[in-house]
Amino acid sequence: MEPITFTARKHPFPNEVSVDFGLQLVGSLPVHSLTTMPMLPWVVAEVRRLSGQSSKKEPGTKPVRLCVSPSGLRCEPEPGKSQQWDPLICSSIFECKPQRVHKLIHNSHDPSYFACLIKNDAANQQSICYVFKADDQTKVPEIISSIRQAGKIARQEELRCPSEFDDTFAKKFEVLFCGRVAVAHRKAPPALIDECIEGFSHVSGGFSSDQSRSALQPPGDGERGPRPMRKSFSQPGLRSLAFRKEFQDAGLRSSSFFSSFEESDIENHLISGHNIVQPTDIEENRTMLFTIGQSEVYLISPDTKKIALQKNFKEISFCSQGIRHVDHFGFICRESSGGGGFHFVCYVFQCTNEALVDEIMMTLKQAFTVAAVQQTAKAPAQLCEGCPLQGLHKLCERIEGMNSSKTKLELQKHLTTLTNQEQATIFEEVQKLRPRNEQRENELIISFLRCLYEEKQKVHIHIGEIKQTSQIAAENIGSELPSSATRFRLDMLKNKAKRSLTESLESILSRGNKARGLQEHSASLDLDSSVSSMFSNTSKEPSGYEKEALPISESCFRLLGSSDDLSSDSESQLTEEPALLSPKQGFRRRANTLSHVPVECQEPPQLVRGSPGVSQRKLVRYHSVSTETPHERKDFESKADHISDASRTPVKTRRHSWRQQIFLRVATPQKACESPKRYEDYSELGELPPRSPLEPVCEDGPFGPVPEEKKRTSHELRELWQKAILQQILLLRMEKENQKLQASENDLLNKRLKLDYEEITPCLKEVTTVWEKILSTPGRSKIKFDMEKMHSAVGQGVPRHHRGEIWKFLAEQYHLKHPFPCKQQPKDTPYKELLKQLTSQQHAILIDLGRTFPTHPYYSAQLGAGQLSLYNILKAYSLLDQEVGYCQGLSFVAGILLLHMGEEEAFNMLKFLMFDMGLRKQYRPDMIILQIQMYQLSRLLHDYHRDLYNHLEEHEIGPSLYAAPWFLTVFASQFPLGFVARVFDMIFLQGSEVIFKVALSLLGSHKPLILQHENLETIVDFIKSTLPNLGLVQMEKTISQVFETDISKQLQAYEVEYHVLQEELIDSSPLSDNQRMDKLEKTNSSLRKQNLDLLEQLQVANGRIQSLEATVEKLLTSESKLKQATLALELERSALLQTVEQLRRQTAELGSQESDPTLPKPSGD
């Protein structure tokens, strides 16, 4: 019986599915890359015209097959029904990525035609317009939709999955973050880095010596000590240099300390910006991974597993290396400040040596150069107002939708703008082709215009490029103009505009209530728009550091009726109200100034014209800024109320005056044209600060009349404060609880992600219960468990979620049974302290991070949490064990440990495996122990599997060709994780000889398959590729064989045999004096190492002897004590026995007297 199958309809392109469409290719035409959508119908018409002119031998349309998929858009010729498609004969017409389809157009007059404009990667190359015809016009929308969907999916894939070039290009370096410096210019002298370092050391010393003084409070004149240094830089613009470094105190989380290089007046202009990188305390980890990408640099903290700083190349303006401190470097970048501007900050870092700094500087230079070239190549071509194609674009927009006659008139008008020669040429070319009708004539004219404008576009220089130098000069001249003269002219023009506008509004007001209603709903009119346009060529917006140098009185503006103005009276308000106008105010956005009608009583013009240095206050959205007095305010309120009451009655629509028509024509369209940022919804009004009663805002808000707020008593204010404080405390508690829940959830997800592998020996519930009972034993770290019981438990299986805890338990049992370490232990340096240092092995570690378990989800993310934790472990061990440092293969060992436990616990277990279990010997730089291990494996094969050994020797295959990764990575680089985890179970139980037993069992169980291969390549490929893909049954069989095998004595014998053979070969071989001397020196060094090892073993043996002797003495002492106790007990026993006998005799005598009354009773004497 066949199984039941069904197919479900899926979304297009779920898994790179290609959709084919049978079409007719009408033709193609190369056009300029700046071709716009209005031009495209005329291009299609030209393609169809050229296709209709083709001869009978070469038909105009070709049957093609259009293949659409997210990976590519391909057009191939259709061979026909009788022929089979052959890729050697039928090559594709074009092939491109779907995101390169720039425009798609569907012909509305003839729905069976559509066209696509394919844009080339290079900006200077031409685009190609392909025109297709479908046999069924109803399929055209489906084809267009499929192409758009394919392009959308392809673009999403590009954003979701970065290219491989990004990962390979990014270079990572470990650096130590020293601090950040606020500077006043984007460039700096070469000695900046050295001065920063000296300033950091001075700041650190000053802060530690005087911790009682607040870090943010500058010292007084009497307390001011000597400055760290004072230097006048010759580079212009570098006026001040301020150090900022953050520390941590017992009472303060972080604080900032400023120390200036310049005179005392510079302290008023210290740059205060947001500290993006929170520099940690000296007691915290300040090491970072400095990563250089294609277009940005970023700092990753391995401690927090987060990006601490990310800067684009555009924001970096200066990079330098220290002159005296050659192991330091830094860069200056732009950062945004709280006021909307920006300032410049220099970040300083330290490396391990000068060579690493040189490499970083070279990498930065290359990255900047490549990014600049790519940015220039990828810059999109744009049209300026003077572009020839811009004129053609506007012409096509004008004639769009016109009939042939009107289009012909527009084209004739446009031709008059050309030169006589160009007009004559176009006229002659059109007459040569003899168009049948006006439409064909129009198409020909557009075609020749397009060719003419495309030729002009090739030699055209954009307006922005021409005026670039002149604009810079004009900006410089404009910035040097006196601000007072500019403000005086601006005030005069504003007053004139205000008077003319007021007169217009008064006439409108007198016309009736209908005009009043229209004015209330119209958009605002910016009084300064014409003025700002007139002064746009002579004024310039100041740059970031120029803004910061402005005094506070010139850069800050206060609104009328704000909280600062409540304390002032009406008279002082009139005199103090105008504020200084900044150059930036001329370019501000339009503000709502017509939400209500101005007062009839105009303020005297001399108030504004009297002082040329003052002007109107800055306008704000939904605020009406004026300079009226409180008395004028009352008059206005009464009149406004009267007008609002009168406006509720219906009024007949009357004809507007010429001033009203001008006003409505100017003001009304602004409401529809303004950007959405300008007109925000009324929900934002609730977040605005409360306005003063003096402020002339509209009385009727969007939600009705605004009630006047009452002044609250102190008791009510106190209750509000208490309520707010309690709510804040509750919110903080809830936030902490949410963070705890989120952290626990992340830990569970992280643990589940780590243990994402298949177990080889699934644990039964009984076995899991046994392990849980063992792990829950109180004081288990001091209790010795039975070895047979532990062997049995490990043999039955280890639960995956308890594996890390079980490994720690087995390590504790090893330390209990071996109280004296068999080898010299490393320094007891805390893990956190090791992470604060820089390692010289960073390059090798960073390279191997991507190679370690690349398919596992925990390590697959580039510089994710898994890779950063693994980097920390390997870095800490390289600093702890200077002799070994880092060796390839250690990343796999540490990676397996990290999957089953935390970061610091994995580091401790790595130390246990390396020093206590003896794995450290095989990672030494000389690799002598690894050679001995290869010899031992060969001898095991010779003794246990002779035929396999002979087969491998026949093809000259030594163990180093296939077994070296097994020993260095403990099978983790080639075998499944479940199998490797079981190998680690046995290593923690039995030691490093487990690796030999597993290798011997694997080769022995696959011996028949290996013997079938008859050459070196196939044998090695089978051992490396096929053999690791074991089945579950074969893996369990291998593990059970390892538990039953004991080869410890053979391994010791083979090691001694290796050393004997090495000495014999050295003595027997005829060598020259130099060679003999070299070998003798090598032998001497190896013998010294052996002597050191023997001395270590001797020390261990002496320690064991001393411990045994001490144990014997303790036992003898306890034995003598026990003997004395036994003797005392025996004496006590004899005394008790005598007492019992006496009691028995007395009892017998008493019994006999009671039975015979004639016997005299014993006297009471």
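Any Cβ shown, glycine's included, is placed from N, Cα and C.
Note that the coordinates shown come from a computational prediction; the quantities given were computed from them, not determined experimentally.
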For this session: Out of 1066-1085, 1146-1165, let me know the one Swiss-Prot marks region 'Disordered'.
Result: 1146-1165
Exercise. Between Y949 (phosphotyrosine) and S938 (phosphoserine), what C-alpha distance do you get in Å?
Worked result: 7
Seminar exercise, completed: On average, residues of the domain 'PID' (243-401) score a pLDDT of 74
Problem set entry | Other CB atoms, at most 10 A from the CB of S938 (phosphoserine) | 18
